[in-house]
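Undergrad: Per TrEMBL, compositional bias 'Polar residues' is recorded for A:129-141, A:167-181. As annotated by TrEMBL, domain 'HTH myb-type' applies to A:8-60, A:61-115. Feature annotation from TrEMBL assigns domain 'Myb-like' to A:8-60, A:61-111. The region 'Disordered' annotation in TrEMBL covers A:122-184.
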Amino acid sequence: MRKPCCEKKKTNKGAWSKQEDEKLTEFVEKNGEGSWRSLPLAAGLLRCGKSCRLRWVNYLRPNLKRGNFGEDEEDLIIKLHALLGNRWSLIAGRLPGRTDNEVKNYWNTHLRRKLIQMGVDPNNHRIGHTQNIGLSKSSFGSRKANHPCKAANSQGDNDSDDHQKPFTDSASGPESNTSCSGLPDLNLDLTIGLPS
DNA sequence: AAACGGCTCAACCGCAGGAAC
DNA sequence: AGTTCCTGCGGTTGAGCCGTT
């Protein structure tokens, strides 16, 4: 059995206080990101390392854009989701100043509904198939091959995909721009850079 | 003004992958 | 080669906010 990520009884949970934010910010600015597991102790925080990382990444990190998504951002998210499925970190990587959590929330609260209203199935981006709208776990399957395109194409190493590999190939193959989704030409330059 | 219901979003949970040993 | 540890990811939850009745 793997150890729990932190001593449950000794850590705070729930909303972060201002003091905790300050401690975390100060520590990370001084020592850099990483070593999340040992960070809480070193920074004097009664938090799980995971929780610290999340707080930093989603809220405290500098250069975070907060507030409403612009139309261009919405558009990009929809297009990227059609290609990548629920790979929020990859999608967020294309949106400067946005976090995966933010993108995921925005998708689930706004964009999914918007697509449904337009008669587009948010799961596979096909027009007209709006059944199984609920975000069931099965709708995308496991973390890997969690998109209809991937599932359909997942022979060989098609799945080793993402992180460093440019996307241009998957978007420009023989079936290129019409992609699996039946969407019209997305015409995206999806060369993925390393997330900063 | 109070009660209610829906919505939003920060935070948590569990899992998987890779690194380190 | 096998095991353990750490990190990152996606799914889910729940407190709080806001609009409606």
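Placed from the backbone N, Cα and C atoms, the Cβ positions cover glycine too.
I'm curious about the neighbourhood of these features; can you describe it?
TA: The domain 'HTH myb-type' (A:8-60): residue composition by secondary structure is 34 helix, 0 strand, 19 coil, according to DSSP.
When pLDDT is averaged over the domain 'Myb-like' (A:8-60), the result is 87.
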